[in-house]
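Residues or ranges marked as ATP binding site by Swiss-Prot on the basis of sequence analysis: Gly67, Arg68, Ser69, Gly70, Ala71, Gly72, Lys73, Ser74. The domain 'ABC transporter' annotation in Swiss-Prot covers 29-270.
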Amino acid sequence: MNEPIMNAPWQPPAGELPAFVSSQPTIGILIDRVRKVYPARKSSAEVVALDDISLTVPKGSILGVIGRSGAGKSTLIRLINGLDKPSSGRVIVNGVEITALSERDLRTARRSIGMVFQHFNLLSSRTAFGNVALPLEIAGTPKAEIEKRVLPLLDMVGLADKRDRYPAELSGGQKQRVGIARALATEPSVLLSDEATSALDPETTDQILELLKQINRDLHLTILFITHEMAVVKALADRVAVIEGGRIVEDGATFDVFATPRHEVTRRFVSSVTGSGAPDWLLEKLQPQQPPGGQAVLRITFKGSDANQPLLSRVSRDLGVNLNILSGQVEMIAGHPFGTLIVSLDAAPEVLRQVIAQLSAGNNLVEQLGYVA
């Protein structure tokens, strides 16, 4: 039996390629106007799990799909790996329309799609080596080839010394490393991750995310992961898609989505990890109208190189106002600096307008949140 080659997508038998094979060589995953409806059952009404979803994941990139529970994330990943079929639309992976394959061809095509699960899904009766070897055994790979394939994978995920350990003897992070190695056993070109870090502690989560980034760099894998944690998106994704109620409400480059979230759902996700939201103590004091002796409260979002500029001191000097910093932080997102400051100032309306105009220079975004006494 022919084995798939690293990063080489499965192809139908030689001859003229059928219509369902995409001619886009740079696209790893293409989701085209997909709709998934679960029909009504007895007293339950029909459920529209996905509604007109379209996404493109370039080969070798990492896309994070984030949404709340019930948003449609798990349904989406089941359609990509062919465990379920859409009611309409197309799913194309590695140039092959998954939704048009027979069961036999689908089983073959799945070898180019690796899957990492939330709860590891390891067989307790098998060692780390045995769990990683399982998909190769199912594919009929010769024993000698299995040995040559599995040992480097265990070494890649940092478990070369744990090959004979059973799942009960491994930590949560080690179990997930075994799961990642198993997902890579058939040398896929696409890796799907279903909440792979949600059952892990923060330190272990960081280690697993770094491992996934290393795998993406070293093997040039296309990675699509679903999560409900924006911190995971910030750490791992090149691009992000926000799903809500079965629809993509926002998508784009990770930095752009963090820097300028357009949808309310996205803004809530972003504020949970960037500190861009006002702290609770300030929200309790904010007033919509200026009280006697009150100060205006501004939120300034700095993007890219502007995050490193001494803008506050310059505005304070030019306009003769004192800007009091109430909260703020600067961090790196997708390799770019991103900062948020919340300040208060006592200024007449005309001076306040000038302050906002100067602070809005370049890529900065300035919002007036209200007033505090």
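Each residue, glycine too, has its Cβ placed from N, Cα and C.
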| Which are the residues of the chain, Gly67, Arg68, Ser69, Gly70, Ala71, Gly72, Lys73, Ser74 excluded, whose CB is within 8 A of where the CB atoms of the ATP site average out, their centroid? | His228, Ile243
| message | Name the residue among the binding-site residues Ser69, Ser74 whose Cβ has the smallest number of other Cβ atoms within 10 Å. | response | Ser69
| note | By a 10 Å Cβ neighbour count, the lowest-scoring of the binding-site residues Gly67, Gly70, Gly72 is Gly70
| remark: Ordered by sequence, the long-range same-chain Cβ contacts of Arg68 (ATP binding site) under 8 Å (at least 6 apart) are His228, Glu244, Val265
| If you draw a 10 Å sphere on the Cβ of Lys73 (ATP binding site), how many other Cβ atoms land inside? | 24
| Which residues of the same chain, at least 6 positions away in sequence, have a Cβ lying under 8 Å from the Cβ of Ala71 (ATP binding site)? | Ile243, Glu244, Gly245, Gly246
